[in-house]
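Novice: A single structure is presented below for examination.
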Amino acid sequence: MNRVPLSAHPAFYDDSLYASVTRLAHRTPAAVDSVISAWSEYGLGLFAVLMIIAWWRARTAGLPQLPALAVPAVVVLAYAANDALKSQVAEQRPCQVLPVKPLDPCPALGDWSFPSNHAAIAAAAAAGLWGIDRLLGWVAASAALLMAASRVWIGAHYPHDALAGLLVGAVFGTLLIHVAKRSATLFGRGRAPRQVSAQ
């Protein structure tokens, strides 16, 4: 069965917005574009650093470490769910179907667009960190928005791809970190020493 690019669906009207953003990117100073492109390519590493910091802060504060240690697993599971959805939808990249020149090289055919994996990973990490450390959560949430925007800026995704990736990552991240925190609480209760009443 032939798959129709999701961008052709009448519910989405962001082709022109995507084209406007890519044109703006080409009119922007090269130094700015280079920074955005580098962030889009390597920025996910920041979330790994934030996860390490979150674990260290929990450890030094004497808080349960299981939720902090679970954040990487939360991200992996969210990515897996997002990638499965991406394979089912099979939306072609905008640079493959629209007459535009992206800032970065266009991905190969078969490297689907909807939802954005980068945005989903960033949002899942932000949601996980938000659930255990509000300060780091703010930093990660801001970085996730920048990551999603950068994917549109370099021409890799439609705006709706980036927004959907943020939504998938945030939902899965929030649910899974809640499960991790709940498990840590139950595990802590199970390990609590029982008090023996005096005879």
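In case you wondered, yes, glycine gets a Cβ from its N, Cα and C as well.
Keep in mind that TrEMBL annotations are predicted by a computer and have not been checked by a curator.
Feature table excerpt (TrEMBL):
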type     : residues : note
TRANSMEM : 36-56    : transmembrane segment
DOMAIN   : 65-177   : domain 'Phosphatidic acid phosphatase type 2/haloperoxidase'
TRANSMEM : 135-156  : transmembrane segment
TRANSMEM : 162-180  : transmembrane segment
Novice: Residues sitting near the transmembrane segment (135-156): Cβ under 8 Å, six or more positions beyond its termini, same chain?
Specialist: 18, 21-22, 25, 36-37, 39-40, 43-44, 46-47, 50, 53-54, 57, 93-95, 100-104, 106-107, 113, 116, 118-119, 122-123, 125-127, 129, 162-163, 165-166, 169
Novice: Average pLDDT across the domain 'Phosphatidic acid phosphatase type 2/haloperoxidase' (65-177)?
Specialist: 93
